[in-house]
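Going by Swiss-Prot, these are the annotated features:
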type     : residues : note
DOMAIN   : 5-55     : domain 'BPTI/Kunitz inhibitor'
DISULFID : 5-55     : disulfide bond
DISULFID : 14-38    : disulfide bond
DISULFID : 30-51    : disulfide bond
């Protein structure tokens with residue numbers, strides 16, 4: 001799995017409320033979070049399937 005999958009969920013600095021998914025390294029699964037729309041990090045996916053393919057395997 002790519003190293004960025006280990007990063008925490010990062011909402012970013014903007015104030016949008018966009019549903020997104022991130023890989024939770026503690027639970028070893030992808031989870032939903034609210035993305036602010038800018039900034040953040042690479043551990044952010046538009047769909048849970050994309051997250052699972054990239055970080056779960």
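Here the Cβ of each residue, glycine as well, is placed from N, Cα and C on the backbone.
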What whole-number Å value do you get for the CA-CA distance of residue 30 (disulfide bond) and residue 55 (disulfide bond)?
8
Cα proximity to residue 51 (disulfide bond), best match among disulfide-bonded residues 5, 14, 38:
5
Using a 10 Å radius around each Cβ and all protein chains in view, which of these disulfide-bonded residues has the most neighbours: 14, 38, 55?
55
Any idea what the model's mean pLDDT is for the domain 'BPTI/Kunitz inhibitor' (5-55)?
98
Among 5, 51, which are disulfide-bonded residues, the residue with the most C-beta atoms within 10 angstroms of its C-beta:
51
Return only the integer: C-alpha distance in Å from residue 55 (disulfide bond) to residue 38 (disulfide bond).
22
Treating G and I as helix alongside H, and B as strand alongside E, what does DSSP give for the domain 'BPTI/Kunitz inhibitor' (5-55) in helix, strand and coil?
10 helix, 15 strand, 26 coil
Determine, to the nearest whole angstrom, how far the Cα atom of residue 5 (disulfide bond) is from the Cα atom of residue 38 (disulfide bond).
18
